[in-house]
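Q: This is the feature table in TrEMBL:
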ACT_SITE  THR169  active site, nucleophile
BINDING   ARG197, VAL198, GLY199, ASP200, THR220, GLY221, HIS222, GLY223  substrate binding site
Amino acid sequence: LGRMKPVIVVHGGAGRIFREREEGCRAGVVRAALRGYALLKKGGTAVDAVEEAVRSMEDDPHFNAGCGSVLNEKGEVEMDAIIMDGKNLDSGAVSAVKCIANPIKLARLVMEKTKHMLLTDHGAHLFAQAMGIPEIPGEKLITERSRERWKKNLEPDSNPEEFQKDLGTVGAVAIDSEGNVACATSTGGLSNKMIGRVGDTACIGSGGYADNHSGATSTTGHGESIMKVVLARLILYHMEQGMSPEVAADTALDYMKTRVGGLGGVIVVSKAGEWAARFSTKQMSWATVKDDNLHYGIYAGEKHIKSVDEALASEREGF
């Protein structure tokens, strides 16, 4: 068996990234990609790598997932997450979960410890308890920024739609040395969303999809639009028809824009280890490691390249 060269791609959400947050978002996706890649280099699985990368971003308050999630209409954090293994199409997801630090960990437990694929709200909470996942106070997940935004959106003349533009979800896709692919996606959802609203993230084929026969993808953007076109699966369908990851991603994003007026972003890795990070929004923070080279960017057409050793050295000095 030919050994695959491992590849990881991560995104920190598509939308509008405000100037003062740019550095933090760049550093956050780079850190996540390096962590996931370190596992792959040691012979870790694609599933381990995507979980680790997403966990790293859930713990980073710059992103709308885990700590730093946006608030629903009642001022609470409700999170969604999914993970999928391309080997046998196993998947686990959670929706509308509160008071846990890492929804992606819980999603993986749903995949591995239950016969089900998606647990929601109270049931997910009971399952987390049974699995010994520590409960944390909801306030621990709320940042000053999320609270400010929530308050602004409550003002009578506010337009929450305006704020939805800087959405953000975090995600990762990977291929390991065995040639297995996986995806993981996690989000706090839409600011000031209705209680109980679940977007694309927890939905298989929309928030993510992984299949060894074609590749893996994780999405970000306007959840309702993504669900309408089943974006993640659509990209892999295009790849099955022979398109490259980049063309497949652009074709699907373009379809979503023309058909339902939705904007978003995607990361893709093919079964051959080709990758893409594409978006129709103004920005999307992303990072990739392949062949011991780190690529990363935020703006369309922006791509920095560093060797992994160089990147790890600047990691240690703090960006």
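Positions of Cβ are set from backbone N, Cα and C atoms, glycine also.
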Q: What's the longest C-alpha separation between any two of ARG197, VAL198, GLY199, ASP200, THR220, GLY221, HIS222, GLY223, the listed substrate-binding residues, in angstrom?
A: 16
Q: Could you measure between ARG197 (substrate binding site) and THR169 (active site, nucleophile) for me? Cα positions, answer in whole angstrom.
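A: A Cα-Cα distance of 15 Å.
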Q: For VAL198 (substrate binding site), what is the tally of other C-beta atoms lying within 10 angstroms of its C-beta?
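A: A count of 21.
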Q: Near GLY199 (substrate binding site), how many other Cβ atoms are within 10 Å of its Cβ?
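A: The Cβ of GLY199 (substrate binding site) has 24 Cβ neighbours within 10 Å.
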Q: Show me the subset of VAL198, THR220, GLY221 whose Cα is within 10 Å of the residue listed as 'active site, nucleophile'; these are the binding-site residues I mean.
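A: Hits: THR220, GLY221.
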Q: Quick one: give me the count of other CB atoms within 10 A of the CB of HIS222 (substrate binding site).
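A: Excluding its own Cβ, the number within 10 Å is 24.
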Q: Enumerate same-chain residues with a sequence separation of six or more from ASP200 (substrate binding site) and a Cβ-Cβ distance below 8 A; give 'none' if the list is empty.
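A: Those within reach of ASP200 (substrate binding site), by Cβ under 8 Å and sequence separation of 6 or more, are SER206, GLY207, THR219, GLY223, GLU224, ILE226, MET227, LEU231.
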Q: Here are some binding-site residues: ARG197, THR220, GLY223. Which one has the most Cβ atoms within 10 Å of its Cβ?
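A: That would be THR220, with the highest Cβ count within 10 Å.
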